[in-house]
């Protein structure tokens, strides 16, 4: 990890007791798992399966929150709430804007490796 | 090494748990509820970390299955929504604790260590079991077989059916009202009315009206005639608690009822008769108050024809275990804790070594609090209030508050005192805070009168006897300046 990454993910590193090795291990897992979860999430919206969409959103939020608890991860919960309310239109609008931000976060995480 | 089962479908969580917790436990992981439950049934575990949302089953349902299999395993929930209703529900169902995601390794390690420790402590056979059938066996008063209490039972048996006034003496919390009720229940008046009046809880004029009633217009606000307790209780038993805190005018009227069974309502001329048995109680030194001119000697002799002395709990510590068993069973039923097994030997040791300044009332409050607080089937010393857990044999727990009380500028530290008592999970907050405040008020007023007790009593609106009693209680020295004695 370089200094910039240490600052960028300072809170996450602190939660892990400053252990950079664990941080890198987490980055590996998230880099491997998150794209698949993200893809499934989009598919579930496409299929209008909002129950599954809410569950996957919850899993995605858990996975990414190891690195980031603010935006864009904090934007996932309102999406889960809208999905539980079966509000497809609201979910579609927010989903479209949050996915690119999550992609960007994933790039930052994979850069740790 | 203790064994920990972690059930979560998030690989990152499993990895963190394995890496962080492997120095303190053998970590076994499962990514579904089904897999986790299978592992649980094949290997004994000391604690479980459980995700609240699993792919194949809701975490709460998995928790119920774990409990069904082994209700002693502490289960810690992990949740992304720490304040969610699910987390609250988990705690209500008996989870050991819950931890918010993203996980922070230090609090996680501390919590798992605590859970494992609890598991080990609660695996010790209980010293006192929470047997619900003990709850309704007998009344609280009749618990205990110490010689001091046997004397009390004998005295109740001897005098209950005699139509004489009785004085019950004992420290606060020893159960004076219970004795009064037992006397009533075993008397010839058992089918009649039983009323209780706390003489210290009402200002003197209101107490007089409460006891004897008043006529319409007797004083401002007396818009209609009111029947007092002596009239209301005709044929029955009247329990006068804190009889030492009674103004001279009321003392005279009570004496007359005792002598002649006659009285008048406040503001009335008509003489009324009543047939009331009086049971009085106090923890005040009435003989000293008589010597000081603050209590009527004739009333004392009328009242103390028969006296029952209730011992403080510290003088009958052999009864503590029986009392715990009774209160435990009561609380288990009342708070619906069917899984509660009882108290560990160490917890019982702490409770039986403590001096119980608040007597049986305090013991009851502590046991109830423990039953409410515990999430494990066995109550261990960690659940006990700090003052009992940490200093079983001494009164060290009161040292701080005494220091606060005795500080020259006392009165300024009430918020700190209350905060500390709450932190220590004291079960005596009200009494300690009131004592602190009372000593401050009395000290300040005495200073303002230069130590003149008559003036101070007048300013305070209390009798000189009560003031003198408080001066002794709080060890206030009346020299050239009013000070509180140190080192006592």
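Quick reminder: no glycine exception, Cβ is built from N, Cα and C everywhere.
TrEMBL lists region 'Disordered' for one of the ranges B:332-358, B:359-385, B:386-412, namely B:386-412. The predicted model assigns the domain 'Sigma-54 factor interaction' (B:142-372) a mean pLDDT of 89. If you take the C-beta of residue B:51 (4-aspartylphosphate) and look for same-chain residues 6 or more apart in sequence within under 8 angstroms, you find B:7, B:8, B:9, B:10, B:13, B:59, B:77, B:78, B:79.
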